[in-house]
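**Student:** One structure, pasted below without further comment.
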Amino acid sequence: MSPVAVVVGPPGAGKTTIGRALAAALGVPFRDVDADVVTAAGKPITDIFTEDGEEAFRALEERAVAAGLAEHAGVLALGGGSVLSAATRALLAGHTVVFLNVGLAEGVRRTGLSAARPLLVGINPRARFRELLEQRLPLYREVATVEVTTDDLAPEEVVARVLADLDRAGTTNEEDRR
Ligand SMILES: Nc1ncnc2c1ncn2[C@@H]1O[C@H](COP(=O)(O)OP(=O)(O)O)[C@@H](O)[C@H]1O
Ligand SMILES: O=C(O)C1=C[C@@H](OP(=O)(O)O)[C@@H](O)[C@H](O)C1
Ligand SMILES: [Mg+2]
C-alpha cells in the first residue's frame, strides 16, 4: 500500500489545507505527519521543540513519514522540514510527490498569525523563512514529481491545478485510487 499522493513544501504552502481538500476530491483518506508526531509524542509540536529539541522532533518526524509511506493509501501531507532528512528523501523516490510552493512574502503572511510553528517564532520570522526557503527549495525539487506555485491561487484553484497536473502525469487513474 502506498499513498496516492504525498504533499511537501514550506510552512504555509498549504500542505494540510490542500492535502485534505485533495483527498476529499479523490475520495481517499487524508493523513498529516505533523498530527502523527503529536500523537506519538503525546504533546504539541511547540512543546516537543522546547522540551526535547529540534533533533528529537526530526527523529519522530522521520519515523512518522516512514510509517505513513508504508501504511497510508490516501493523501499524505508531510511537515515542511521532512525533506531535510536524506533517509526520507530516499524513501520518497518512486512516489507521487506534490510540491506546493509559496514565496517569501505570502509564506510569511500565511504563517504570521500562528505561534504553532516554533521555527518561525522569534525576532525575525521573515529572515528565518528566507533561510528556510534557500536551504529547502532544492530538496523539495529533488523529491517532487509535480510542482504548483500557490501564491496567487485560492485553495480550490490549487486543488484543481494539482488534480490536472496529476492527471497529466497519469497518476490518478482509477486503479491508483483503489
Ligand atoms: N492557497 C491559499 N490561499 C490562501 N491561504 C491559504 C492557501 N493555502 C493555505 N492557506 C492558509 O495558510 C495557512 C497555512 O496553511 P496550511 O495548510 O497549514 O499550510 P502547511 O501545512 O503547508 O504549513 C492556513 O491559514 C491556510 O488557511
Ligand atoms: O518547516 C518546518 O521545519 C516545520 C514545519 C511544520 O509543519 P508545516 O510545514 O505543516 O507548518 C512542523 O512540522 C514543524 O513546526 C516544523
Ligand atoms: Mg501542515
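Going from the start of the chain as shown, residues are counted 1 onward.
From the backbone N, Cα and C atoms, a Cβ is placed for every residue, glycine too.
Okay, so TrEMBL annotates it like this:
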BINDING   GLY12, ALA13, GLY14, LYS15, THR16, THR17, ARG117  ATP binding site
BINDING   THR16  Mg(2+) binding site
BINDING   ASP34, ARG58, GLY80, ARG136  substrate binding site
**Student:** Nearest to ALA13 (ATP binding site) by Cα distance: which of the binding-site residues ASP34, ARG58, GLY80, ARG136 is it?
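**Tutor:** Its closest listed neighbour, by Cα, is GLY80.
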**Student:** Out of LYS15, ARG58, ARG117, ARG136, which has the highest number of nearby Cβ atoms, where nearby means within 10 Å of its Cβ, if these are the binding-site residues?
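**Tutor:** Checking each of LYS15, ARG58, ARG117, ARG136, the winner is LYS15.
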**Student:** Rounded to the nearest angstrom, how far is the Cα of ARG136 (substrate binding site) from the Cα of THR16 (ATP binding site)?
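**Tutor:** About 18 Å separate the Cα atoms of these two residues.
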**Student:** Based on Cα distances to ASP34 (substrate binding site), point out the closest of the binding-site residues GLY14, LYS15, THR17.
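**Tutor:** The answer is LYS15.
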**Student:** Using a Cβ cut-off of under 6 Å to any atom of ligand 3, determine which of the binding-site residues GLY12, LYS15, THR16, THR17, ASP34, ARG117 qualify.
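**Tutor:** Going through GLY12, LYS15, THR16, THR17, ASP34, ARG117 in sequence order, those close to ligand 3 turn out to be LYS15, THR16, ASP34.
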**Student:** Under 6 Å from ligand 1 by Cβ, which binding-site residues from GLY14, ARG58, ARG117, ARG136?
**Tutor:** GLY14
**Student:** Under 6 Å from ligand 2 by C-beta, which of these binding-site residues make it: LYS15, THR17, ARG58, GLY80, ARG117, ARG136? Sequence order, please.
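**Tutor:** Near ligand 2, sequence order: LYS15, GLY80, ARG117.
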**Student:** Give me the non-local Cβ neighbours of GLY12 (ATP binding site): same chain, 6+ apart in sequence, Cβ-Cβ under 8 Å, ordered along the sequence.
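**Tutor:** Non-local contacts for GLY12 (ATP binding site): VAL102, GLU106, GLY107, VAL108, ARG109, ARG110, THR111.
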**Student:** Report, as a single number, how many Cβ atoms besides its own are within 10 Å of the Cβ of GLY14 (ATP binding site).
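**Tutor:** Excluding its own Cβ, GLY14 (ATP binding site) sees 26 Cβ atoms within 10 Å.
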